[in-house]
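Undergrad: Per Swiss-Prot, active site, nucleophile is recorded for ASP52, and the stated evidence type is sequence analysis.
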Amino acid sequence: MTTVSPRPRMARRALDGVLLLDKPVGLSSNDALMRAKRLYQAKKAGHTGTLDPLASGLLPLCFGEATKFSQDLLEADKTYEATMRLGVRTTTGDAEGDVLDTRDVSCDEAAVRAALARFVGEIVQVPPMYSALKRDGKPLYEYARAGQTVEREGRTVTIRALALVSCALPDVTFRVTCSKGTYVRTLAEDIGEALGCGAHLTMLRRTGVGPLTLEHAVTLDALDAATQDERDARLAPVDALLSTFPCVKLDAALATRFLHGQRLKLSELAARPDAAEGGRVRVYDADDRLLGVARASEGVLAPERLVVTGA
């Protein structure tokens, strides 16, 4: 009897960096993460907030030490390009849902532009029933699938910018930059109601997360076809997540103290960081290796998160 030896497990690699992935429609964020993690044979990886399966676009993936800073992207503003169809409301607020009602579309482009302008700034959104937001420990979409509607409190979000991209009625494409927690489906529905005809979302593509943009992203198919060296070259450094923070450079002695978690007096530094009181700062050694992030407060630089490898 012939025995078949089990295939040896491929060794996992300790990678540090950020992959800007262009997620396709139809794939969940977790599935995209696992595919990328397998391709890179990475020991540790995580994403920076889910992107709905029906949405495409920028999904930053963090490897190794970069996972320590993924929360910063969770909190960051997001930019999307979206298309809505006026005159039709659906159960889910997008093209996957059943049609609730249809109405005539009597507005013109000028009315659309005026409606968009009304939604810039702080607005209150009622989260959609088809969402992962939980009520009594249960996702809202589970109630919705059971035919139940539960009361949801409105939440304040901020629309930083909202611009018309194209208007081919009944289809309207817009670009929006918004704070975390914004539901673009709900935004489309609310714009439709403001126009008196209702609307649902037919396309959603994320083009920006904080300082990161889609133009530098790569698809899973391209990664699959690439060599390992080519894949590795696509990884951005850990500090790509932190580019909006001011920075400070430490000499060897101060760097050693910082990496041991010691607080440093700002007066000890060769140059003070250009940070507001209580602001966060990127910290580097004399060779421009990232040591971590600190908070500058009351004349002291206090370590907040350390990068073990100096990636």
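Using N, Cα and C of the backbone, Cβ positions are placed for all residues, glycine too.
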Undergrad: Are there residues of the same chain, six or more positions away from the residue listed as 'active site, nucleophile', whose CB falls under 8 angstroms from its CB, and which are they?
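TA: The answer is LEU204.
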Undergrad: With H, G and I counted as helix, E and B as strand and the rest as coil, say where DSSP puts ASP52 (active site, nucleophile).
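TA: DSSP assigns ASP52 (active site, nucleophile) to coil.
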